[in-house]
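**Q** Look at Swiss-Prot and you will find 23-56, 28-58, 33-59, 42-62, 72-93, 87-98 tagged as disulfide bond. The signal peptide feature in Swiss-Prot is assigned to 1-19.
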């Protein structure tokens with residue numbers, strides 16, 4: 001049982017650090033966006049986000065912000081997935097729905 005818990009703990013650490021290994025603090029500086037878009041190209045209801053698209057979210061994009069209880073999808077910036085819509089802050093996409101998350105104390 002102790003070995004299983006240790007393996008699960010190590011797997012969790014690996015998952016958390018994977019993003020840092022791929023998208024380190026200087027990734028966007030070392031790999032600048034090759035196809036940036038202008039802020040003026042975003043049309044309502046989309047909003048301009050400077051760091052949203054491409055691998056590690058190094059490029060700007062026009063994004064629609066979703067309200068509470070809207071359908072959503074989680075994505076991986078490490079592999080370059082770029083959703084055109086994301087949950088509006090401070091909402092989080094949980095089980096495919098934008099949900100208000102109470103901060104832990």
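Easy rule for this one: first residue shown is 1, then count along the chain.
Glycine is treated like the rest: Cβ placed from N, Cα and C.
Quick one: where do these features end up spatially?
**A** Under DSSP, residue 23 (disulfide bond) is assigned to coil, being neither helix nor strand in the three-state scheme. The 10 Å shell around the Cβ of residue 23 (disulfide bond) contains 17 further Cβ atoms across the protein chains shown.
Within the same chain, the residues at least 6 positions away from residue 28 (disulfide bond) whose Cβ sits under 8 Å from its Cβ are 51, 56, 57, 58, listed in sequence order.
The number of other Cβ atoms within 10 Å of the Cβ belonging to residue 33 (disulfide bond), over all protein chains shown, comes to 16.
According to its DSSP assignment, residue 62 (disulfide bond) is in a strand. The Cβ neighbour count for residue 62 (disulfide bond), using a 10 Å radius and every protein chain shown, is 19.
Annotation note: residue 72 (disulfide bond) sits in a coil segment as assigned by DSSP.
Residue 98 (disulfide bond) falls within a strand when secondary structure is assigned with DSSP. Of all Cβ atoms in the shown protein chains, 20 besides its own fall within 10 Å of the Cβ of residue 98 (disulfide bond).
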**Q** Would you mind ranking the disulfide-bonded residues 42, 87 by how many other Cβ atoms sit within 10 Å of each Cβ and giving me the lowest?
**A** 42
**Q** If you measure C-alpha to C-alpha, which of 23, 33, 42, 59, 62 (disulfide-bonded residues) come within 10 angstroms of residue 87 (disulfide bond)?
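**A** For residue 87 (disulfide bond), the disulfide-bonded residues whose Cα atoms are within 10 Å come to none.
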